[in-house]
Amino acid sequence: MAKRKKRPWLDASVVRNARARDGEKARERRERERAFREKCPERFVEEEKERESERERDARARDGDFKASTSGRGGRRNDREGADGRRKGHRGDGSPDDSFSTDPRTFPTHATFQTREGLSNDAVEWRRSRVEAVTKDIAMCARHKQLRRACRAFVQLIEDGMVPSPYTYASLLNAYVNTGSMDGAEALMERMSEVGCAPNVVAYTTMLKGYMLVADVDAAWRLLEGMKHPVAPDIRAVNTYIRVCVRCGSLTMARRAFERVRDWDIVPDETTHRLMGRLLAQGLRCDELKSLIKSVKKNEHLRWTVDPSFGHCQFWCAGKCERGANCRFYHDPSIEQVDASARETDVNDMLAHLYVNHAHATAMSGDVKQCFKSLAKAAESFAQDDDGNAAGLKDRDERAELFRQTSRDELKREMKRIKAFAERLKNGEQKAPNLDEHFARSLIFSSQILQPPERGSTSSEEESQIEEGRTRVESRSCRRNGDWAVAQAATDDSSDWISLELRHDRVYSIFSRAVFSGASNFAAMGGDAASFGYHAVSEKGGLVIFSDNHRYMQSLARMLAGMDLFSSRDADNGRHVDRYFLSVGKVA
């Protein structure tokens with residue numbers, strides 16, 4: 001389930017308190033900004049009218065572009081790049097000037113740093129405030145995936161004689177990454193080195209996040225290995241890389257990075273062990289996962305914090321050390337910590353996740369006895385958390401606590417599902433799963449987004465046989481964990497059901513549900529839904545898409561309008577053909 005969505009199994013009071021706290025923080029932030037603006041007006045650049053007019057132009061451009069893209073007149077659009085931007089590395093951002101280049105190699109050059117020569121103190125302060133304001137605008141564009149608008153602001157800053165700061169470059173890099181334009185992000189990294197603005201660890205982590213979004217594990221590994229002193233990998237960069245491996249299902253590459261953490265002087269944290277446990281469970285490596293759990297419980301991964309020869313940590317002695325296990329000084333266990341309850345809770349939750357993953361893998365392998373043992377260990381970790389540390393979590397941020405509680409509730413639901421399957425096997429109500437049969441019905445392709453088929457292309461003979469077969473095939477793409485699709489397959493024996501997902505970890509989640517249910521008419525597939533759906537929709541078939549994100553639906557409508565799904569193949573012959581159109585509407 002996506003973040004910040006309503007979860008019915010949560011207590012409503014928790015959600016209300018979190019929203020009230022967010023509103024209070026927003027009001028306090030606005031008051032601080034207003035007071036600071038009144039105290040230091042020279043720090044701000046008055047461009048409200050210009051920005052308002054630009055926002056109005058962008059809004060008119062977006063409205064006109066969407067109407068043109070959904071009219072059904074031969075798939076014409078005002079912004080072809082916005083229709084299939086993500087496939088080509090860019091996303092449509094509704095910018096009025098589509099001729100503006102987003103290639104960093106075309107940007108004007110600038111000085112290495114801003115000098116004070118010939119400038120008064122007020123002029124220097126004004127330039128710094130100008131760069132800060134533009135950096136905030138670029139960061140906002142990055143959050144809304146408006147790449148062209150962010151690049152335009154960056155170029156305008158240089159043309160005005162300003163020198164972008166490293167934070168400006170980092171914000172622009174995030175805009176490239178969020179829009180999936182990794183070619184542009186790599187070119188921007190090269191440009192940073194050329195102008196003397198060396199990328200920092202934040203820039204490298206942002207690039208790793210981009211490779212995760214496009215599922216390019218090889219490029220992510222090259223980037224991680226290329227991080228040398230003084231910009232060496234940290235624990236956040238390593239965790240981001242392992243997330244790339246989780247998305248692509250690459251256990252070998254994740255294990256390689258996990259074995260190198262000691263060479264990089266990094267100590268794995270709770271997130272690292274959770275990700276590795278997830279990957280080992282997906283690979284059904286039960287013995288390796290069991291060994292990982294034992295090493296974590298014995299604290300074999302810790303280094304400096306358990307060795308008194310490194311000297312006492314002053315922050316730990318004061319009651320709290322933010323660096324945790326990656327601190328280079330000794331942490332005396334006899335000194336009480338302010339966040340001791342929160343730390344113990346994180347460790348218990350990590351152990352619970354590892355035990356549940358181990359139970360999941362053993363259940364898939366048919367080892368019912370070991371499955372029950374792992375479930376019991378996970379329940380013990382939850383019990384220690386609930387009994388001893390509930391009072392210590394009141395000082396935590398409510399949003400973080402809401403996320404933690406949601407993860408715990410989802411994990412408990414997973415435990416119930418695994419336990420129910422194991423009990424059915426134990427009581428003889430269900431046969432032990434034959435993984436070979438389920439593997440034979442599973443096809444895993446690349447986790448990367450493929451180039452969509454060109455207009456007018458036709459399906460091959462093998463692809464047409466899928467449509468002409470006796471069995472009706474129902475394709476359900478992007479079904480997250482697969483509960484709905486597997487339930488439909490269980491109640492409809494006359495049809496073969498296919499669930500298609502791009503992310504490998506979700507394919508495994510769907511596959512496990514099919515194994516637990518014993519469905520023989522269900523196949524889990526991994527790949528790009530656009531490439532598959534082009535040939536899966538028959539001539540008399542239809543395509544229904546539901547989403548709670550209106551902006552995403554607009555982008556999806558533009559992309560589908562550029563494909564040959566909803567237009568006649570005889571349109572070029574001058575014959576009278578039916579017209580099809582895509583509409584985006586609100587469902588009550």
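Every residue gets a Cβ built from N, Cα and C, even glycine.
According to TrEMBL, the feature zinc finger maps to residues 307-334, out of the candidate ranges 251-278, 307-334, 531-558.
For the domain 'C3H1-type' (307-334), the list of distant contacts is 234-235, 266-269, 301, 343: same-chain residues at least six beyond its ends, Cβ to Cβ under 8 Å. Distant neighbours of the compositional bias 'Polar residues' (98-113): 79, 81, 90, 147-148, 151-152, 154-155, 158-159, 162-164, 181, 184, 187-188, 190-191, 195-197; these residues of the same chain sit at least 6 beyond its ends, with a Cβ under 8 Å from one of its Cβ atoms.
Taking Cβ pairs closer than 8 Å, the repeat 'PPR' (165-199) reaches residues 85-86, 89-91, 93, 102-105, 107, 109-110, 112-113, 131, 134-135, 138-139, 141-143, 145-147, 150-151, 154, 157, 206-207, 209-211, 213-214, 216, 219, 231, 449 in its own chain, all 6 or more past its ends.
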